[in-house]
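Undergrad: Take a look at this one; I'll ask things after.
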């Protein structure tokens with residue numbers, strides 16, 4: 001399938017500061033994509049390039065096989081929902097949503113119909129005459145989305161548009177955004193630095209750092225199989241320790257061999273081992289893969305977060321529903337499937353090829 005939108009070898013700098021460094025992105029129609037990364041990684045710049053608010057220094061922005069890098073925003077089938085919503089405070093809800101339609105000189109009947117449909121989609125039917133200043137943050141968010149979708153864009157861009165909401169409302173809006181995207185069937189490209197938000201909303205994620213794409217994939221793929229230490233650390237909690245590959249399916253962590261599911265890595269190759277906190281069980285000290293001492297325990301609502309120090313001085317974070325007494329000796333246990341091996345310096349292409357080889361072995 002041909003991508004709906006592509007960025008090909010795109011670079012962008014501001015005042016000699018390199019923001020995007022030769023990136024390639026393919027966006028297919030009808031999916032929810034998220035650009036995820038820390039502040040300054042280039043994610044909002046990508047959104048601006050797609051919208052037409054910025055132009056690339058080099059490379060091409062391609063829409064339906066046609067270069068649009070120099071096309072102005074009003075000529076692109078793209079609408080943007082900004083972080084601050086950018087609503088007109090002197091206009092009511094109806095006039096805010098109808099603003100773009102009036103510029104297109106549509107008839108009053110057409111405008112009424114489209115505004116009514118858009119308000120219904122965002123669950124604000126009956127709010128047409130409401131003053132913007134009388135609305136809550138969540139309602140303003142819905143008005144901004146309605147104003148964007150009323151123009152029937154092929155792509156909807158959302159620039160950290162949930163960040164101003166409180167936690168409960170943000171969670172509610174996540175469900176609503178996902179439902180809205182499914183109903184409309186158009187492409188959403190969402191920018192956030194919130195890992196949990198990205199995992200919850202997305203069909204596909206682009207993880208960025210320093211103007212480069214670190215990894216692309218589904219939320220499950222990226223969480224379960226991070227390509228490098230940055231991704232493993234940025235997406236959720238991780239225990240990361242240095243190791244050495246003994247042979248296929250066996251890795252050595254500071255002198256002790258552990259079974260794993262990784263293969264195709266040279267023997268004695270230095271690697272980094274990732275084990276997620278929720279994949280570690282606390283058991284009796286003598287029954288564990290190794291022993292550790294409980295250093296601290298915090299209650300996180302749905303689980304306890306327990307920090308343990310092993311006899312080599314490494315700190316392990318465990319998420320469990322069981323309590324443990326600070327200062328007590330415990331055993332740590334994890335299955336071979338819980339171990340994920342990262343090879344320092346391995347490119348995403350090399351990493352993907354290695355992971356695909358596991359699937360070929362499983363299917364053989």
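Every residue gets a Cβ built from N, Cα and C, even glycine.
Okay, so Swiss-Prot annotates it like this:
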| type | residues | note |
| --- | --- | --- |
| DOMAIN | 5-235 | domain 'ABC transporter' |
| BINDING | 37, 38, 39, 40, 41, 42, 43, 44 | ATP binding site |
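Each of the listed features needs to be described in terms of its position in the shown structure.
TA: If you take the C-beta of residue 37 (ATP binding site) and look for same-chain residues 6 or more apart in sequence within under 8 angstroms, you find 43, 193, 207, 208, 209, 234. In this structure, residue 37 (ATP binding site) belongs to neither helix nor strand by DSSP; it is coil.
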Undergrad: Does anything in the same chain, at least 6 positions from residue 38 (ATP binding site), have a Cβ under 8 Å from its Cβ, and if so what?
TA: 193, 209, 234
Undergrad: Which of these binding-site residues has the least crowded Cβ, counting other Cβ atoms within 10 Å: 39, 41, 42, 43, 44?
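TA: If we count Cβ atoms within 10 Å for the binding-site residues 39, 41, 42, 43, 44, the smallest count is at 39.
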Undergrad: So what pLDDT does the domain 'ABC transporter' (5-235) average out to?
TA: 89
Undergrad: Return the count of C-beta atoms lying within 10 angstroms of the C-beta of residue 40 (ATP binding site), excluding that atom itself.
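TA: Cβ-Cβ neighbours of residue 40 (ATP binding site) within 10 Å number 14.
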